[in-house]
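Quick look at what Swiss-Prot lists:
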COMPBIAS  44-56  compositional bias 'Polar residues'
COMPBIAS  207-222  compositional bias 'Low complexity'
DOMAIN    122-171  domain 'bHLH'
REGION    41-67  region 'Disordered'
REGION    201-224  region 'Disordered'
C-alpha cells in the first residue's frame, strides 16, 4: 500500500512534466504561427537535417518587425526607420528638401494666383463702373427723346419708345405728302412755262409769245407750235406742224440732236397738219433748260418750211 502511495506522486510528477512539455510544445507552435513571416522566400538549397521543432530543439528567436517609411524622390528610393530619433517633419523641412528651381516655381505660382485674384477683383469693379455709366447715358438719352415727342403723357421707357415710333411714322408720312405736293407744283409750273412758243421774226431773232395767242404775224404762220413738259428724266414734246412728207423724220432727228432719246411717238393727222406727240428721256450729257429746248426745236424746225 505504501508502495502504491509512493508511486502516486511520481506519476503525478511525470504527468506534470508531460503537461509542461505539452504546454511548451503548444506555446512553441503558437509562437511559430504568430511569428511566421508574411512572405516566405524561395530557396534553391534544402537542408537534409531539417526537423520539426520539439522540446529539445528551441524555437528560433523572435523577429521583431520594424515599420519603415518610403520616401519617393527623383534622387532615388530612401528607407527611413520609425525608430530613428530624428523622425520629425514640418512643412519647412519639406520645402528645404526641395531643389531651388522647385522653390522658384512654387513662389511664381503663388504670385500668379495673387495677381489673378487682384485682377479679377479690379475687373469686376471696372465692369460695375462701366455698367453704371451706361445706364446713366441711357437715362439721359431717354430724357432727351421724351423732350422731342409732343403730347407725351407717361415718362416710363416703354411709353417714350412707343410714342417716339408713332411720331417718326407720322413725320415720314408728312414728308411723303410734302414731296408729292412739291412734284405736282413743279409739274404745273413747267407746263405753264412750256406752253409758251418761240416765234422768229424777219431777222431770225427769237421772241416769246403764248401758244394760245391767236394773233400771229405772217412770219410765224408757217412755224410749228411746240409744247414741252418735263418730269424727272422723262420729256413730253407735242408739236403741231404742216402736213408734209418727211417732216416727222426730220423732227425726230432734231429732237435727238438735243441729247434726248425717243422712247415712244404718236402722229395723228389733224386737217392740213400733223399732231405729233413724242416721249423721250434725257441722256447723261443733257444739261439744257426747258426754254432752251423750245428755242432749239423752233429754230431747227423752221428750216423745214
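Placement of Cβ uses the backbone N, Cα and C atoms for every residue, glycine included.
Within the model, the domain 'bHLH' (122-171) shows a mean pLDDT value of 89, rounded to a whole number.
The DSSP breakdown of the domain 'bHLH' (122-171) into helical (H, G, I), extended (E, B) and coil residues amounts to 42 helix, 0 strand, 8 coil.
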